[in-house]
Every structure is written in C-alpha cells, then in structure tokens.
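Since the structure comes first, as structure tokens, the remarks are kept for the end.
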Amino acid sequence: TQLFLGISCRFIAKPCAINLGIQDSGPHRAQPNAILEKVFTSITKSPDGKRLEGLSKQLDWDVRKIQRWFRHRRNQDKPTTLTKFCESMWRFTFYLSIFFYGIRFLWTAPWFWDTRQCWYNYPFQPLTSRLYYYYILELAFYWSLMFSQFTDIKRKDFLIMFVHHLATIGLITFSYMNNMVRVGTLVLCLHDASDFLLEAAKLANYAKYQRLCDAFFMLFGVVFIVTRLGIYPFWILNTTLFESWELIGPYPSWWLFNGLLVTLQVLHVIWSYLIIRTASKALVRGKVSKDDRSDVESSSEEEDVTSNSTKGIFSTSSNGSNRLNGHVAGGQWTGE
C-alpha cells in the first residue's frame, strides 16, 4: 500500500492537484526566534500561563504575540494542502477500486443474496483466489492506516480511530483464521460503500469546489447512516448473532467475533452523531463549515494574517475558500 501511495502521489495525484491550482504551500511560518524555538523543541509546544509570562518578560513581547508564535510554529509542521490532496486521492482511488471489486465479486456469491449461506457447511467452505486477494488487500490497507496514524497529524478522534483500526484488523484476521470469510466480505464491502464519497468531498474542498464538496459530503452522510445504522445491524449483525446461532450453534469464538462487530456498531453511532451535527450546521449556514476535529489551530487574529490555516474537516478561511484536513476518517468518520 505504501508503494501504491508513492506511485499514485507522484504520477497521478500531484499532477491533478497542480492542474487544479493547488499550491505546495503550508501555513504561515513563525518568525525566527532562537529562544522560542528552543522552548518549542526542548521543553513544550504549548506553554502554560506562567511560562508565557516569563518569556514575555525575557523577550519584551506581548503574551498574545508569543501565543500566536507557538500556534504558527505548531501549524508549521502540518502537511501542506498539496500533501493532503495527494493522501485523499490515493485513499479515494483505493476505496473506490476495492468497493467495486467487492461488489463485482459478491454479485455472483450466493451469500450476498441469502446471508444464511454464510453458515451452511461451515467451517468447510472453499477459499477462492478472488476472495483471498480481497481479504489480503483490505488487511494490508488497514495495517497501513494503523501504522500511519502514529506519524500523521494527531487529531481529537485519535483514540476512536485507533480502536476502530484495531477492531477492523482483528475482525479481518480473526474471520480469515476461522474461515468466516463469507460474512467477512459482506462487512468489508458495506464499510467501503461510503468511504470513497468522503474522500471525494475532501478532494473537492481542497480544489475549492464548495458546492461539489457539500454535495459529496451530504451524499456521504446519507450513505453512511443508511449502511452503518440500517443495513449493518439488520443485515450483518442479524446473521452473525441470530442466524449463525440457529444454524451452527454457539461456536467457541461466537462471543469474541460478535463482540468486535458490536464494537464497530458503537463507533458507527458515534460517527453518525458527528455527521448529523455537521450536516445540521451546514443546513443552517448554507455550507459545510466546521467539525470538532481540528488538525490546524487558528484564531481570529491569525485569520487576519493567513488564509491557509484550517480548522477541522471542513472550514472557511479568511478569503472565503474552504479547507479540508488530511483524513477521516475518517475523518472523525472515515478512515475505515
């Protein structure tokens, strides 16, 4: 997946971004200052009030000016819009490709139309090459998300996404080892159905196509809620909790397997709440404007200085153009 990321960024995403006018420029850079830089790198990136007062006396700077310097310095390490566009582009490509691969594969699978087929002759069910590659690709992708989460921007939903990645990797690995791949393919395909729409919204927002961004986001929200709060519990959980119990009985791993699936459902509810709240604000304001998950700090003072600071998944900068952060998973809801 990392090789695919590098190739797609260099030969596909970056040329597209340049053609769309996305520049490789980051947030406003902090004014060079050796004392503050030493504090930032060696002591703290977010000084408390007492330290701010001490620095103010030492430098003869206003406290708010020092706070602004630290905000700029923290933002300075954040990736550029071009970098985030490239990341969203490769995620969009993967999600879209794997979703259509899954749909094409499952369309002819009997368990796609009758979930009881997931448990007939279990565990003696053949593992075809197409099913094997489907599983391996998904597992590799989520492992890459797990590792990259520690090197990417740390966001407010870090813990939620970490739990999600753990549960997803656990489910994929566990279902493969126990030959529960039939129901596993249903779970994977269902989760991929909405993720590419969120990435499409991010791409549109980076390119400053606000109406297209809002349309994709609203479509994403509808698909997410329908699949995660409707189809998932009444189709997936129904077959794993009840049909499997009826057809093969309470097998030893039944509790663990369903515990992981229920954990995912809890996360679905949390993300759906965040999506609905963001969509509600969008309806009131006329556009998708801000989410609680912030990856670049900003203030009213900073907005007068720089127009490329971002606040959350969708935010409006001082020149009226919208920005988007590097994930989400999810954001907050992506990442799956």
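Using the three backbone atoms N, Cα and C, a Cβ is placed for every residue, glycine included.
Record features (TrEMBL):
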type	residues	note
DOMAIN	36-80	domain 'Homeobox'
DOMAIN	83-284	domain 'TLC'
TRANSMEM	92-112	transmembrane segment
TRANSMEM	132-151	transmembrane segment
TRANSMEM	158-177	transmembrane segment
TRANSMEM	216-235	transmembrane segment
TRANSMEM	255-276	transmembrane segment
REGION	292-336	region 'Disordered'
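Taking the domain 'Homeobox' (36-80) as a whole, pLDDT averages 82 in the prediction.
Secondary structure of the domain 'Homeobox' (36-80) per DSSP (helix as H, G, I; strand as E, B; remaining residues coil): 32 helix, 0 strand, 13 coil.
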